[in-house]
Amino acid sequence: MSLSSLSLDSNPRFAVGGPYHRRYPPLHHPRSFVSCSAKRPAVSASLSVAADSAATESLGRIGSLSQVSGVLGCQWGDEGKGKLVDILAQHFDIVARCQGGANAGHTIYNSEGKKFALHLVPSGILNEDTTCVIGNGVVVHLPGLFKEIDGLESNGVSCKGRILVSDRAHLLFDFHQEVDGLRESELAKSFIGTTKRGIGPAYSSKVIRNGIRVGDLRHMDTLPQKLDLLLSDAAARFQGFKYTPDMLREEVEAYKRYADRLEPYITDTVHFMNDSISQKKKILVEGGQATMLDIDFGTYPFVTSSSPSAGGICTGLGIAPRVVGDLIGVVKAYTTRVGSGPFPTENLGPGGDLLRLAGQEFGTTTGRPRRCGWLDIVALKFSCQINGFASLNLTKLDVLSDLNEIQLGVAYKRSDGTPVESFPGDLRLLEELQVEYEVLPGWKSDISSVRNYSDLPKAAQQYVERIEELVGVPIHYIGIGPGRDALIYK
């Protein structure tokens with residue numbers, strides 16, 4: 001089945017003309033956003049001049065970003081943050097991760113089109129003049145980190161002197177991953193749907209104050225006692241966790257080797273970040289996961305264990321709120337999520353399957369198929385309120401190219417028709433509410449080679465501008481493919 005054969009009536013929840021759809025008249029609203037485009041290959045003298053002008057405007061767009069800027073996810077993750085970070089990193093001195101761990105999968109491509117899947121290393125690593133910081137808010141799995149570094153080095157990406165790991169960051173051990181799996185099994189039908197990378201258990205160790213930090217590796221004399229406490233706690237909590245003296249001995253020996261290798265990377269990143277700010281260096285913060293998975297603001301308990309929203313930047317890097325400037329929210333042209341939890345605009349019919357196939361919606365970290373549905377404007381507005389985004393990056397617009405019609409989830413209602421004014425924290429309400437949709441025309445053409453906004457089909461422009469109008473935040477970047485150059489500056 002092709003995307004073009006998708007019938008919106010195949011799922012009663014999304015039936016065209018049904019109670020939760022509302023068509024609207026053509027929009028003619030004034031635009032106040034600066035328009036600029038990326039450079040595209042010239043085929044004539046006049047086009048060459050236009051392309052040079054567009055390139056200048058796009059550089060102006062990036063150059064106008066604040067000294068400390070950030071790229072954060074708006075939805076349930078997997079929006080394509082890594083690509084934008086990789087592109088913007090060419091204009092920043094430092095790219096910093098402030099939270100999460102190896103559960104964050106960022107896929108980026110170098111200038112030759114080679115694919116890199118990163119999990120702990122910030123996505124600025126492909127830009128050789130960029131320093132990458134793993135901040136105190138990140139939980140670090142050293143075997144995974146070194147595997148990433150080795151993979152990058154073997155592909156010609158130098159990491160020496162370019163990756164700094166906070167001495168305050170907490171270590172995530174293999175046993176945390178085992179505990180993660182045991183806890184998911186214990187939850188049975190109410191499981192969270194984690195990546196089983198040990199993120200939650202590592203943050204649990206941190207919060208109950210028996211965690212082990214990167215800086216503790218400089219004191220190997222006390223490491224055995226600290227590890228013994230962690231392993232004993234896990235064994236007492238989970239019957240399936242078998243703790244033996246050999247396990248402790250092997251872990252200590254392994255971390256002695258890791259400590260030696262990690263030493264050149266260990267840095268007081270709080271001092272480094274604030275010193276860099278004083279020196280007027282440009283800093284780009286890369287968020288892992290996304291706002292709708294935030295421990296406070298997401299669909300709790302089906303969330304991550306850190307704060308991937310704007311507040312996590314300051315606590316995860318040790319920088320003051322007043323220095324944080326422009327934040328860019330990354331949002332797919334539709335919505336996906338992985339794991340359990342409410343998903344109001346999920347398409348459970350053939351439409352969801354077709355979006356998954358067309359968008360290759362399978363997890364970078366786990367390979368799991370993602371749940372797919374229409375763009376949720378209510379959730380997006382909520383995310384914009386929390387983060388105060390200056391602009392948005394709309395990704396994967398090309399995935400919608402074969403659809404006859406495209407839907408936007410624009411409002412929530414209770415079963416009795418009462419409007420729900422914002423994204424609710426009540427999971428029962430989230431599961432029961434009804435979504436009101438608007439239906440827009442599709443553009444039925446390949447847009448993957450378009451590089452100027454004005455060259456997009458009118459229906460594609462209408463879709464972009466309707467999102468801007470509904471959310472109240474300008475869309476400055478539009479992704480129309482995975483490559484570095486597949487980006488429209490608007």
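Numbering starts at 1 and runs along the chain as displayed.
A Cβ is built for glycine as well, from the same backbone N, Cα and C atoms used for every other residue.
Now, the feature entries from TrEMBL:
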type	residues	note
BINDING	77-83, 105-107, Arg370, 396-398, 479-481	GTP binding site
BINDING	Asp78, Glu79, Gly80, Lys81, Asn103, Ala104, Gly105, His106, Thr195, Arg209, Gln289, Thr304, Arg368	IMP binding site
BINDING	Asp78, Gly105	Mg(2+) binding site
ACT_SITE	Asp78	active site, proton acceptor
ACT_SITE	His106	active site, proton donor
ACT_SITE	Lys206	active site
BINDING	Thr364, Thr365, Thr366, Gly367, Arg368, Pro369, Arg370	substrate binding site
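For the pair formed by Thr366 (substrate binding site) and Asn103 (IMP binding site), distance between Cα atoms is given as 9 Å, rounded to the nearest Å.
Within 10 Å of the C-beta of the residue listed as 'active site' there are 20 other C-beta atoms, taking all protein chains into account. Set side by side, the binding-site residues Asn103, Thr107, Gln289, Thr366 differ in how many other CB atoms lie within 10 angstroms of their CB, and the most is found at Gln289.
Of all the recorded positions given, namely Gly77, Thr107, Lys206, Pro369, Arg370, those whose Cα is no farther than the 10 Å limit from the Cα of Gln289 (IMP binding site) are Gly77. The two recorded residues, Lys83 (GTP binding site) and the residue listed as 'active site', have Cα atoms 31 Å apart.
Ile480 (GTP binding site) sits 15 Å from Asp78 (IMP binding site), taking the Cα positions as reference. Only His106, from the recorded positions His106, Lys206, Gly367, Arg368, place their Cα within 10 Å of the Cα belonging to Gly80 (GTP binding site). Within 10 Å of Arg370 (substrate binding site), counting C-alpha to C-alpha distances, fall the following of the recorded positions Asp78, Asn103, Gly105, His106, Leu397: Asp78. Looking only at the recorded positions His106, Lys206, Gly367, Arg368, the one with its C-alpha closest to Leu397 (GTP binding site) is His106. Geometry remark: Pro369 (substrate binding site) versus Asp78 (IMP binding site), CA distance 12 Å.
When the recorded positions Asp78, Lys206, Gly367, Arg368 are ranked by how far their Cα is from the Cα of Thr107 (GTP binding site), Asp78 comes first.
The Cβ of Arg368 has fewer other Cβ atoms within 10 Å than any other of the recorded positions Lys83, His106, Arg368, Arg370.
Counting every protein chain shown, the Cβ of Gly80 (GTP binding site) has 21 other Cβ atoms within 10 Å. Each of the binding-site residues Gly77, Gly105, Gly367, Pro369 was scored by other CB atoms within 10 A of its CB, and the lowest score goes to Gly367. All protein chains shown were included, and the count of other CB atoms within 10 Å of the CB of Ile480 (GTP binding site) stands at 25. With respect to Cβ neighbours within 10 Å, the binding-site residues Asp78, Leu397 differ, and Leu397 shows the lowest count.
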